[in-house]
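**Student:** Checked TrEMBL, it gives:
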TRANSMEM  12-34  transmembrane segment
DOMAIN    24-420  domain 'Ammonium transporter AmtB-like'
TRANSMEM  54-76  transmembrane segment
TRANSMEM  88-108  transmembrane segment
TRANSMEM  120-139  transmembrane segment
TRANSMEM  146-165  transmembrane segment
TRANSMEM  177-195  transmembrane segment
TRANSMEM  215-239  transmembrane segment
TRANSMEM  245-265  transmembrane segment
TRANSMEM  277-296  transmembrane segment
TRANSMEM  302-324  transmembrane segment
TRANSMEM  336-356  transmembrane segment
TRANSMEM  397-420  transmembrane segment
REGION    445-464  region 'Disordered'
COMPBIAS  454-464  compositional bias 'Low complexity'
Amino acid sequence: MAMPPPACSRRLLPLFLGLFQGALLLFVAVFVTYDEPSVRVEDANLMANQLYGIFPLFQDIQVMLVVGLGLLLTFLPRYGLSALAHNFLLLNFSVQWVLVLQGLLHHFHHGQVHLDLHSLLLAEFTAVTVLISMGAILGRTSLCQLLVVATCEVPVYLTSEWVIVTHLGVLDVGGTITIHVFSCYFGLGMSKALFRAAQHPVHPKETPTPRSDLLSLVGTLILWVFWPSFVAVLCQPGAAQHRAILNTLLAMSASAVTTVVASSLLEKDGKLSPCHLQNSSLAGGVAIGAVANMAVPPVAALALGILSAAACVLGFRFLTPLLARKLALRDQCGIHNLHGLPGILGGVASAVAILVTPEDTSGSPFSQVSPIGHNASKMAGGQWGDRRAGGQALCQVAGLAVATGGSLLAGLLVGTVLRLPCLVRPPERLCFDDSLNFKLQDHAGSLGPGGPAEEGALALKERV
């Protein structure tokens with residue numbers, strides 16, 4: 001049974017963050033420098049063109065992660081402030097932690113870590129996994145526990161990414177397998193280990209209100225608008241990036257329409273579920289990432305968007321209650337339906353696309369780069385140059401299995417760590433409540449007779 005956190009655990013948060021920021025400051029002062037371009041004019045022009053090409057997409061991703069994803073988590077009516085703040089803090093904490101590990105592993109030359117916009121972009125892609133995974137345990141964990149999650153998940157993700165992209169050679173330009181599938185099953189593994197087989201009734205503060213659903217839907221709309229930038233930003237500029245944007249827009253448009261159809265059919269009175277709109281409308285963007293820059297026809301993008309949205313809606317309607325009833329598995333934000341099911345569908349679709357696309361076709365997977373990884377190689381003439389379609393399709397499936405199984409196992413281990421006595425969970429009465437993390441003004445109490453405002457006024461009158 002969760003007990004109220006002692007005073008020492010409350011001091012653990014500022015102590016941990018202060019030590020982390022101080023250590024990072026020292027590390028940057030000693031080792032980190034900016035990656036300076038060459039002084040030649042033609043190189044300077046090239047750098048400027050690259051910056052103007054990538055920075056608008058980078059800004060789009062910033063809006064997605066800070067505003068869109070933050071608002072998406074505000075469906076809990078009394079936990080919106082905490083959801084937004086935790087999302088913002090975990091993003092910044094994870095990005096800085098990634099820059100340290102990424103710099104030491106991939107950008108350490110002659111005693112210096114060279115930092116540029118591309119490395120910061122890759123760090124944000126890694127941080128996305130933490131933001132998605134926390135959705136499985138949102139509201140029932142403390143901020144200290146979430147920071148421990150970020151500390152542990154980042155190195156696990158970098159290892160998983162190396163195995164999937166660099167070692168297996170999986171093609172996944174939009175992170176369908178490496179990001180969405182990994183983060184989903186890592187989060188579910190944490191949830192299972194942290195809460196074990198405990199059956200809890202629905203918490204009264206879990207029920208969304210029209211206002212909280214509206215804020216969450218605004219987050220969905222922001223994510224929907226900017227999602228093509230997330231998928232296309234790491235594509236090769238030109239035809240591949242153009243295809244990625246078009247395929248993503250088609251898949252997400254089909255998801256939006258299919259969500260309305262499926263949600264309406266599943267409700268007895270034909271009304272729509274806000275939960276379905278908030279999540280399933282984005283399912284096409286999750287699924288299309290693995291094939292976005294491949295030479296797939298437009299109908300394939302539409303079909304993938306339709307199937308992923310239908311799977312997401314059916315997952316919320318049938319699979320989530322089944323997993324909760326049979327396995328006592330908690331999934332607070334439904335990440336299995338939005339990231340797991342469409343991610344698996346997209347991974348399988350990438351294997352099928354590789355098998356049916358001729359190798360000599362412009363835009364074939366065999367002419368692409370998978371830039372999610374730091375050491376990804378070109379298919380043509382590189383590590384994967386002699387691999388035929390069957391072998392590459394098999395690697396896609398193997399990468400999907402590694403992302404699923406490896407993240408689930410790692411999540412179970414991290415969830416066990418979260419049960420340490422120094423990381424006490426919030427008491428049940430304070431779950432899904434902003435008062436656990438923030439000093440809030442009680443307007444009802446301050447306006448009522450004998451409230452704090454009246455007591456303060458009387459005290460001031462006495463002093464006068």
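Positions of Cβ are set from backbone N, Cα and C atoms, glycine also.
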**Student:** Report, as numbers and ranges, which residues of the same chain sit near the transmembrane segment (302-324): CB under 8 Å and 6 or more residues beyond its ends.
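**Tutor:** Cβ under 8 Å, 6 or more out: 250-256, 258-259, 262-263, 266, 273, 275-276, 279-281, 283-284, 286-288, 291, 330-331, 334, 336-338, 341-342, 345-346, 349.
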**Student:** Under 8 angstroms for C-beta pairs, at least 3 of them, ignoring pairs fewer than 6 apart in sequence. Is the transmembrane segment (177-195) in contact with the transmembrane segment (245-265) by that rule?
**Tutor:** no
**Student:** Excluding the flanking five residues on each side, which residues at least 6 beyond the ends of the transmembrane segment (12-34) place their CB within less than 8 Å of a CB in that stretch?
**Tutor:** 93, 96-97, 99-100, 103, 108, 111-116, 143-144, 147, 422
**Student:** Using a Cβ distance cut-off of under 8 Å, indicate which of 54-76, 88-108, 146-165, 336-356 has the most pairs with the transmembrane segment (215-239).
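**Tutor:** Between the stretches 54-76, 88-108, 146-165, 336-356, 54-76 has the largest tally.
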**Student:** Tell me, please, if the transmembrane segment (120-139) and the transmembrane segment (245-265) are in contact, taking contact as 3+ Cβ pairs under 8 Å between residues separated by 6 or more positions?
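**Tutor:** Checked: the transmembrane segment (120-139) vs the transmembrane segment (245-265), no contact.
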**Student:** Give the nonlocal contacts of the transmembrane segment (88-108) in its own chain as ranges (CB under 8 Å, at least six residues past its ends).
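**Tutor:** Counting only partners 6 or more residues beyond its ends, the transmembrane segment (88-108) has Cβ contacts under 8 Å with 17, 20-21, 24, 27, 31-32, 65-66, 70, 114-115, 119-120, 122-124, 126-127, 130-131, 134, 143, 146-147, 150-151, 154-155, 158, 374-375.
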